[in-house]
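For Gln282, Glu332, Asn382, the entry in TrEMBL reads S-adenosyl-L-methionine binding site. Annotation source TrEMBL lists domain 'Methyltransferase' at 304-367. Sequence annotations record features per position, and here TrEMBL assigns active site, nucleophile to Cys410.
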Amino acid sequence: LRPPGALLSSLPGRDCSLLSKKTTAAKWKEKKAGEGRSLPGSSWEERLASAVTPLWRLPYQEQLQVKYESQRKILQTLATLLEELGIDVQKPGGLCCPLQPVVPSPVINGYRNKSTFSVNRGPDGNPKTVGLYVGTGRARNIVCVKANHMENIPPKHKQVAQCYEEFIRRSPLDPCILFHEGGHWRELVVRTTSHSHTMAIITFHPQELGQEALATQKALLKEFFTCGPGTVCALTSLYFQESTMTRCSHEQSPFQLLHGEPHIFEEVLGLKFRISPDAFFQVNTSGAEVLYRAVGELSQAGEDTMLLDICCGTGTIGLSLAHKVSKIVGIEMVEKAIEDAKWNAAFNGISNCEFHSGKAEVVLPQLLSSWEDARPLVAVANPSRAGLHHRVVRAIRNCKSIRRLLYISCKPEGEAMRNFVELCCPPDPGKKLAGEPFAPMLAIPFDMFPHTVHCELVLLFTR
């Protein structure tokens, strides 16, 4: 392992002075409440901005300080949990491993390439308002506020949301606010790329509508966005999904293409990637490029190395490193994302990879149980906020060939913390954790979500 000071020194904006300029939670709240900027709109807009992007009032360097402090506490928590298991990992500051400064995002405003808008009652009581929620269902105080002043959402997403609102307000059909109360119009997802591609996905609850009535609504929607006021959005793809659930996959309820191309395309590190409606793709494209370069360096993978890409999505991490390694093996639950990954590999002329569709907790144990390849194996895991299933952690832990693991987490204080402990704890026959434990070696936070409190934390484990 290279010295932390030298590692990734080429990353943009790495200001080590952040370490000595700690912003306490009290000072942050004081700044947030008093000195910050104000929005030109109503107090509802300020409440939305503070709920979704609570750091929006702070200068960007101070946002990075706040995030560094939160990541430091996460590593302190992990150190404490491991010490309770008899593992001495304490480093200076009570951390479980060295923590580097937060790597800033190359783009601070309008960086999101995917936004999800809800339909509900607005501040004026109109139930056909398209925006983001303030309040909670449990408190029964939800208000849907337009996202016009949200700094993390690009103008194109706001434009599509405004047009969708205009369409549903013209429609005689009600919005579906609560499933059991009826109504139809639901969420809008907008995805964009640096190539000016725009995909809109509209979720619709069919209730008791027949096929003829559904066909009518789809035709009206297509007409609005291709011949009517919605043409200003210049959609590359318009999708429609009939859903009786809060969330459902393409397999559960197919995405129906009403207009345009079935996919949009993005470039990352010189490679072209195809994106389906429900395929995972890092929400900050320019930030993802910085992240993937760092993952490639941290992996220390060479020409004789095999890279195991767990929760690979459309294959971005693995394919971006394919030129460095002997072979890529990717696993992803979303079948359409695996189709994208295979297309991405073929289009970019990458032949040293294979992709497996299915739940990681099913595919990975089967894959590793019969693993006989003698080549060094490096694993990269990039799960959702729910973290890795216990069977995935167990399979990694019990595979002797994996000596190096990079865990990328957007919520390390959540279920991922349980994963970290199980990776590092002493052998536990009760949990079938028989393999040699890993040890945390280095942590690097990447700010993929400016103005929010979240980071993408990369934790390097070795054994």
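Going from the start of the chain as shown, residues are counted 1 onward.
Keep in mind that glycine also has a Cβ here, set from the backbone N, Cα and C atoms.
Positions of the features from TrEMBL, shown on the structure.
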{"residue": "Gln282", "record": "S-adenosyl-L-methionine binding site", "contacts (Cβ under 8 Å, 6+ apart)": "Ala288, Leu291, Thr316, Met448"}
{"residue": "Glu332", "record": "S-adenosyl-L-methionine binding site", "contacts (Cβ under 8 Å, 6+ apart)": "Phe280, Cys311, Cys312, Gly313, Ile338, Ala341, Phe355, His356, Ser357"}
{"residue": "Asn382", "record": "S-adenosyl-L-methionine binding site", "contacts (Cβ under 8 Å, 6+ apart)": "Asp309, Ile310, Cys311, Cys312, Gly313, Ile317, Ile408"}
{"residue": "Cys410", "record": "active site, nucleophile", "contacts (Cβ under 8 Å, 6+ apart)": "Ser384, Arg385, Met448, His454, Cys455, Glu456, Leu457"}
Work out, from DSSP, the number of helix, strand and coil residues along the domain 'Methyltransferase' (304-367).
27 helix, 16 strand, 21 coil
Please average pLDDT over the domain 'Methyltransferase' (304-367) for the predicted structure.
93
Identify all same-chain residues not among Gln282, Glu332, Asn382 whose C-beta atom falls within 8 angstroms of the centroid of the S-adenosyl-L-methionine site's C-beta atoms; report them in sequence order.
Phe280, Phe281, Cys311, Cys312, Gly313, Thr314, Thr316, Ile317, Ile408
